[in-house]
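Student: If you look up Swiss-Prot, you'll see C12-C65, C16-C41, C25-C46, C29-C48 marked as disulfide bond, on the strength of sequence analysis. Among the features that Swiss-Prot reports, domain 'LCN-type CS-alpha/beta' is placed at 1-66, with the record citing sequence analysis.
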Amino acid sequence: KEGYIVNYYDGCKYACVKLGDNDYCLRECRLRYYKSAGGYCYAFACWCTHLYEQAVVWPLPNKTCN
């Protein structure tokens, strides 16, 4: 599974500036999911890869980013 990492409180994606390989996104994806997850910056948000099927990613139901 793949998807944008999301803030559970406000429903927003984790923003990033440096597109492509990005240490911040990789670190956040691994902290949120697990150490074998991958992550990079895509369309100015952190995209996580190699996730388990039940991983919660953007968009969250009934939550809009404010």
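Even glycines carry a Cβ here, placed using N, Cα and C.
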Student: Quick check on the disulfide-bonded residues C25, C41: which one has the highest count of other Cβ atoms within 10 Å of its Cβ?
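Tutor: By the 10 Å Cβ neighbour count, C25 comes out on top.
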Student: When the number of other CB atoms within 10 A of each residue's CB is tallied over all shown chains, which of the disulfide-bonded residues C12, C16, C48 has the maximum?
Tutor: C48
Student: Filter the disulfide-bonded residues C12, C41, C46 down to those whose C-alpha lies within 10 angstroms of the C-alpha of C29 (disulfide bond); answer none if the list is empty.
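Tutor: Passing the 10 Å Cα cut: C46.
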Student: Relative to the Cα of C46 (disulfide bond), which of the disulfide-bonded residues C12, C16, C65 has the closest Cα?
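Tutor: Going through C12, C16, C65 one by one, the Cα closest to that of C46 (disulfide bond) is C16.
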Student: I'd like the per-state residue tally for the domain 'LCN-type CS-alpha/beta' (1-66) from DSSP, helix first, then strand, then coil.
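Tutor: Looking at the domain 'LCN-type CS-alpha/beta' (1-66) with DSSP, the answer is 10 helix, 17 strand, 39 coil.
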Student: Given C65 (disulfide bond) and C25 (disulfide bond), what distance in Å do their CA atoms have, once rounded to a whole number?
Tutor: 19
Student: Give the distance between the Cα atoms of C48 (disulfide bond) and C25 (disulfide bond), rounded to the nearest whole Å.
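Tutor: A Cα-Cα distance of 8 Å.
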Student: Could you give the Cα-Cα distance between C12 (disulfide bond) and C25 (disulfide bond), in whole Å?
Tutor: 14
Student: For the disulfide-bonded residues C29, C46, C65, which one has the sparsest Cβ surroundings, going by other Cβ atoms within 10 Å?
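Tutor: Fewest other Cβ atoms within 10 Å, among the disulfide-bonded residues C29, C46, C65, is found for C65.
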